[in-house]
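The structure appears below as structure tokens.
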Amino acid sequence: MTQKLNNVKEFVNSIDTFIFDCDGVLWLGSTIVEKAVETLQYLRALKKDIKFVTNNSTKTREQFMEKIKSYGIECYLNEIYGSSFGTAIYLNKIGFNNKKVFIIGEYGLQKELNDQNIQTVKEVTRLNDGIDNVQNIQVESDIGAVVVGMDTCLTYQKAVYAHKAIVENNALFIATNTDTSYPIKNGKSIPGAGSIVSMISTSTAKQPIIIGKPETLLLDLIIEKDKLNRERTCMIGDRLDTDILFGINGNIKTLLVLTGISKLEEISQPNSPIIPNYYTDTVSDLLLHKE
Ligand code: PLP
Ligand code: CA
């Protein structure tokens with residue numbers, strides 16, 4: 001059962017760590033949500049612990065921090081958890097070394113992996129059209145993993161390289177995140193990293209290890225590092241199938257805000273599959289704690 005966030009005072013007092021999804025919660029595209037900055041300032045004044053979690057693999061944590069700061073929001077590097085950073089930590093955790101990673105992804109993914117001493121291959125030599133050309137693509141023998149994230153310069157040739165690495169080299173197959181599409185201006189959308197991941201999982205008939213929300217790897221990193229109490233930790237998000245499911249899978253509290261993708265109708269039916277503990281119109285409703 002979900003409930004409208006009526007008793008803000010009791011709720012805010014019951015939580016020590018607020019984990020924020022950003023787009024749809026704090027800003028919409030490049031427009032800050034009204035009073036979102038004041039809300040974060042207020043939570044900091046109450047000495048609350050704050051984290052930011054993003055599935056966006058195209059930015060490094062530094063870039064993400066700069067974006068957050070550009071809205072006037074106080075923010076520190078160790079508060080940011082992105083799917084590319086999570087991928088690098090995961091690879092180190094499983095003892096992946098001495099091999100290279102082929103990435104279908106952008107600068108943020110490459111940089112986060114390189115910063116953790118993981119070597120990457122990002123480009124495939126451009127070839128002329130034709131199956132005869134692509135079938136000769138040679139995968140370097142030391143490619144031990146393929147990581148697929150958002151890549152706005154995706155080519156069929158990169159897909160062939162990834163496919164061959166997984167099928168012929170038995171490389172690990174990792175997805176930074178599986179968001180099917182991303183909202184853009186005027187209520188429109190574009191294919192997300194998940195649609196690229198689907199291409200590779202369809203061709204190889206293999207399922208990837210998934211790093212981003214709703215999988216709990218990033219949450220486990222946050223909880224382990226700061227020894228957090230799950231009972232007193234809350235995920236605030238705008239999307240049921242990533243943010244809220246992430247919180248549910250990780251056994252923490254969940255608050256859906258209605259400024260982004262998911263709508264009230266989706267949680268008000270008795271058979272809705274993903275139900276947050278609480279919902280509210282906007283993140284700035286937390287300021288009602290003051291009253
Ligand atoms: N990845 C990319 C490339 C995006 O542009 C977005 C949102 O715009 C996301 C992922 C989703 O990120 P988040 O988890 O911060 O909502
Ligand atoms: Ca979001």
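Every residue gets a Cβ built from N, Cα and C, even glycine.
Just so you know, TrEMBL annotations are computer predictions that nobody has curated.
The annotation active site, nucleophile is assigned in TrEMBL to Asp21. According to TrEMBL, the active site, proton donor annotation covers Asp23. Here TrEMBL flags Asp21, Asp23, Asp238 as Mg(2+) binding site. Summarising the annotation, TrEMBL assigns substrate binding site to Lys213.
Counted over every protein chain shown, other Cβ atoms within 10 Å are most numerous around Lys213 among the binding-site residues Lys213, Asp238. According to DSSP, Lys213 (substrate binding site) sits in a coil region rather than a helix or strand. In sequence order, Cys22, Gly24, Val25, Leu26, Gly237, Arg239, Asp243, Gly260, Ile261 are the residues of the same chain, not among Asp21, Asp23, Asp238, whose CB sits within 8 A of the CB centroid for the Mg(2+) site.
Taken residue by residue with DSSP, the residue listed as 'active site, proton donor' is part of a strand. According to DSSP, Asp238 (Mg(2+) binding site) is assigned to coil rather than to any helix or strand.
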